[in-house]
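Asks: Pulled from Swiss-Prot, these are the listed features:
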BINDING   D93, D95, D97  Mg(2+) binding site
BINDING   C94, C112, C119  Zn(2+) binding site
Amino acid sequence: MSQLIFSQPSEDKSALEDAGDFTPRFDDRGLITAIVTDAGDGELLMVAHMNAQALALTIQTGTAHYFSRSRGKIWKKGETSGNLQTVKEIRTDCDQDAIWLKVEVAGHDATCHTGRRSCFYRTIALRDGKPMLDIVDDERHFDPQDVYGK
């Protein structure tokens, strides 16, 4: 499979906003933000980042690939856990500096490394003048210890 090459974004804002060439606008680290939701029910699953290679692999294979900022490398989401993300649709925002993946999750139907369906399982509430976290979805679809050995 040959590597997709993305053209440089146009300086003309209207060209970015219309149909035509997809010219993603990567940040100064070479990354683009990826918002990921469930293709069936629309639940927000995760927010991640992609470099050009991860984005190209995602488009070409139909399986979500991301760039890990902490590990400094590309990873196929779900490769270890079995919770692969099959991409059903990819959208971009008006100025092409963020993308939205609508996915189906295989395996345990979990996206978060904690074993939960979504990485957004906590709310933030102000108590006694201090921001605090509350867990609102504690259902584990798998045990991270069993899957990752952590």
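Every residue, even glycine, has its Cβ placed from backbone N, Cα and C.
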Asks: Once the chains shown are all counted, how many other Cβ atoms turn up within 10 Å of the Cβ of D97 (Mg(2+) binding site)?
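Replies: Other Cβ atoms found within 10 Å: 15.
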Asks: Could you say whether, by DSSP, C119 (Zn(2+) binding site) belongs to a helix, a strand or a coil region?
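Replies: Where C119 (Zn(2+) binding site) sits, the three-state DSSP reduction gives coil.
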Asks: State the Cα to Cα distance, in Å, between D97 (Mg(2+) binding site) and C119 (Zn(2+) binding site), rounded to an integer.
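Replies: Here the two Cα atoms lie 22 Å apart.
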Asks: Between C119 (Zn(2+) binding site) and D95 (Mg(2+) binding site), find the distance joining the two CA atoms and give it rounded to the nearest Å.
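Replies: Cα-Cα distance, C119 (Zn(2+) binding site) to D95 (Mg(2+) binding site): 26 Å.
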Asks: Rank the binding-site residues D93, D95 by the number of other Cβ atoms within 10 Å of each Cβ and report the first-ranked residue.
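Replies: Selected residue: D93.
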Asks: Out of C94, C112, C119, which of the binding-site residues is least crowded by other Cβ atoms within 10 Å?
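Replies: Result for the binding-site residues C94, C112, C119: minimum number of other Cβ atoms within 10 Å at C94.
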Asks: Looking only at C-alpha atoms, tell me how far C112 (Zn(2+) binding site) is from D93 (Mg(2+) binding site), rounded to the nearest Å.
Replies: 24
